[in-house]
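TrEMBL annotations:
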ACT_SITE  Glu23  active site, proton donor
ACT_SITE  Lys157  active site, nucleophile
BINDING   Lys84, Val104, Ser138, Ala139, Asp140  substrate binding site
BINDING   Asp136  Mn(2+) binding site
Amino acid sequence: MVLVVSEEVREAIDARRPVVALESTIIAHGLPRPRNLQVALELETAVRREGAVPATIAVLDGRPHVGLDKEQLERVANEDGIRKLGHRDLPLAVASGVSGATTVSATALLAARAGVRVFATGGLGGVHREWTVTQDESADLGLLARTRITVVCAGVKSILDVPATLQRLETLGVAVAGYGTDRFPGFYLSDSGHPVDWTLRTPEQVAGVMRAQDTLDGPESALIVANPVPEEEQLDPELHARVLADALHACEEEGITGQAVTPFLLDYLVRHTDGASLSANLAAVRGNVRLAARIAAAWARG
Ligand code: PSU
Ligand code: MN
């Protein structure tokens, strides 16, 4: 697959300067307009402020791009009909010449191909509740089991079955560490109610684990750095529980399935929490982007 790597990103990679990959599904399908474009730009600025180069990833007119300019970001945020692309969709999108936003799985794949090792997002996809009926498990998990990348996230989206997702990550052999916590974060919530086995406390420690992954030469799996949203910025847990129950109910009532499930639930939460879920989501992503830039810097220092 021919990647279009922006000049700035290419130069940073070649000079071993810190680079942070950013996904585009959160822009195109995870956040409402016009906030989504502001957020996309703000996240890039946050990466730069920490001394790293942002590489937002998307497919435009059938070409996978690593590093977007402002005009290209605008297309991802505002173009109607922009698709949602998991990694399995990439060859189809390329051959059809369409444009699409990349999920965690597609972003991680393209970032790794381009030589970008650190990636920031909001919350990973995972095992959905009702999995026994729908078999809905995000392709994020399988891809992270075979891609050497460090993903900084606020855990997995709380709309999911969190313990089942943690179990799948264990089965798939994906390393998971809490950042500054021994609790697995809950995306909109600082604590999902489940523990993590490992805690890392500095970007240097994370970089040390990444180096150990390479030295051990095991399967090409990812490292998940689970960074909680600060407690004072989390969504009120009671509100979260109540609205999420309604959202899951509405999803079923309306017969939403497949790729549409996650955007539907995220949007439902935004609308029924008066935007409070959006604030918590943004706080989580901001924190993750900053931490990812620091990890990329520690990694680049070697
Ligand atoms: N995190 C967010 N907002 C999002 C997503 C993650 O804060 O919109 C996206 C990611 O791109 C993730 C995708 O890969 O949701 C998972 O979708 P699915 O459950 O259909 O695999
Ligand atoms: Mn799914």
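Along the chain as shown, the residues are counted starting at 1.
Using N, Cα and C of the backbone, Cβ positions are placed for all residues, glycine too.
Any TrEMBL annotation is an automated prediction that lacks curation.
Of the candidate recorded positions, Glu23, Asp136, Lys157, the one lying closest to Lys84 (substrate binding site) when CA atoms are compared is Glu23. Taking Lys84, Val104, Asp136, Asp140 as the candidate binding-site residues, the subset whose CB lies under 6 angstroms from any atom of ligand 1 consists of Val104, Asp140. Neighbouring residues of the recorded substrate site, listed in sequence order and excluding Lys84, Val104, Ser138, Ala139, Asp140, comprise Thr25, Gly86, His87, Thr103, Ser105, Ala106, Leu124, Gly125, Leu143 (Cβ within 8 Å of the Cβ centroid).
The Cβ of Lys157 (active site, nucleophile) lies under 8 Å from the Cβ of Gly122, Gly123, Leu124, Gly125, Gly126, Phe187, Thr262, Leu265, Leu266, each on the same chain and at least six residues away in sequence. Proximity to ligand 2 at the level of Cβ atoms, with a cut-off under 6 angstroms, picks out Asp136, Ser138 from the recorded positions Lys84, Val104, Asp136, Ser138, Asp140, Lys157. Under 8 Å, Cβ to Cβ, and six or more positions away along its own chain, Val104 (substrate binding site) finds Glu23, Thr25, Phe119, Thr121, Leu124, Gly125, Ser138, Asp140, Leu143, Leu144, Val151, Cys153.
Residues Lys84, Val104, Ser138, Ala139, Asp140 are listed as the substrate binders, and the farthest two of them sit 13 Å apart at their Cα atoms. Note on Lys84 (substrate binding site): other Cβ atoms within 10 Å of its Cβ, all shown chains, come to 20. Look at Lys84 (substrate binding site): DSSP puts it in a strand. The secondary structure of Val104 (substrate binding site), as reduced to three states from DSSP, is helical. Looking at Glu23, Asp136, Asp140, the recorded positions in this record, the fewest other C-beta atoms within 10 angstroms of the C-beta turn up around Asp136.
Within the set of binding-site residues (Ser138, Ala139), the lowest number of other Cβ atoms found within 10 Å of a Cβ is recorded at Ala139.
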